[in-house]
């Protein structure tokens, strides 16, 4: 069902005089209709050949409903005369005279009259009638209180609201408004006060059957819904700026997907294992078997340049993790230590280690005050930034080579606890949930909204799990190659509507998340593609890391990239070639 839109401007509401309201009730017509009112009493069906009960080629749109929705939309847009003329010419009233009178009585604050008129509408469900009466009388109660007519408000409560015999808890709250003056000395100030009368009318529209009172903005809602469904069905939709028109069906092309190599970054001297864009999209961090991590800077034009080489690890650097504010970066060596770096200066701020053990993964808590890491003894440890160990979850919590994630509320830590199982550890409730696969898990990643988990498997499949509420497998993606190495995938694009993955066949694969359809297989690398990362603030920028020692930056095909020196700060610029 459609929602209620913003209130109409005051100029779009016409107030009827008592005489006009009487005219509505005794069968005469009105001259100026209230917004959303009826001219049914002046409406006369015009005889025309070919009038049908349904319109449209599919035969599913009822003519009466369609005309009423158009009339309602015209009133909402302020075209009262056009709407009234439509009612007259079609012979289809927007509302009955009783409903029109009821609506005007609500806007006028004629509470007793509106309750009486409500009974005349002829609702089949008595519960709806009682609930609507309760809403009206509650408004009357609060307006009396606001006018400091406490005794009249008490009388309304006792003689009109209580006899309805519904919503007892709310009745007690209303009683407290009179019996116990609260906070600040004014009765009932801690209880929801009187709403505006137009808002009350909107709430009543939601309660009453739509055949009686059409919801505000109903036609607009249906049109928006149609556009959204078209957009969601478009597997290439990947731009906020993509205009949608009512004149044509929405359809994007492949040119919305980053599929052209714009830059090749060549600052690493060995296989590039991991990379990740910062949350603000202004930086890219990469890690390599050459024992280096590199921070790259993304300028306003989308060009990527080297900012800092981070040296100090004695083993290959397996993973990096950005702080929530993107001011710091964690790097983890293979079963070694975790280092924390200042992004601005490139300085190492702290080294985290466990004597006799190696660290295998790292991450930040959402507030940026703590970090956590997987340990080679299969435990997970948490530290303050200064290195003080706060907590350690012992047991089979992680593997020697393991991804580690934490939800944005900081409550749930996610890790690979067995070859074929992922552990969801609730820190507060001390509850553990397992996601079990039939195949060995090689890597996983968490969606930005914490609702989905993307799991890479040994059998060359990627599984999408919903972890919100009931845990369930919702999609599978196939096509990429994985036989020996850890291959990582990621969410990306507009509203993370796409899945991208590396592959051992040197290509980058892109699927539409919802349909599972393979959209692109991007050639260019000359070695296995180990990891991909989609820029969270630029839906048209994708990065890939490969065993060929390079990082490729992918963008849209039509973008023009200015040629610069072949080598500049470790960056090789190209215009889509290999």
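Backbone N, Cα and C define each Cβ position, glycine as well.
Copied over from TrEMBL, here are the features:
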DOMAIN    104-152  domain 'CTLH'
REGION    1-49  region 'Disordered'
REPEAT    265-306  repeat 'WD'
REPEAT    310-351  repeat 'WD'
REPEAT    522-564  repeat 'WD'
Give, as a single whole number between 0 and 100, the mean pLDDT over the repeat 'WD' (522-564).
89
Of the residues in the repeat 'WD' (522-564), how many are helix, strand and coil by DSSP?
0 helix, 17 strand, 26 coil
Same chain, outside the repeat 'WD' (265-306) by at least 6, Cβ under 8 Å from its Cβ: which residues?
313-322, 324, 326, 329, 331, 333, 341, 343, 346, 486, 488, 527, 530-538, 541, 543-547, 549-553, 555, 559, 561, 567-573
Could you tell me how many residues in the domain 'CTLH' (104-152) are helical, how many are strand and how many are coil under DSSP?
40 helix, 0 strand, 9 coil
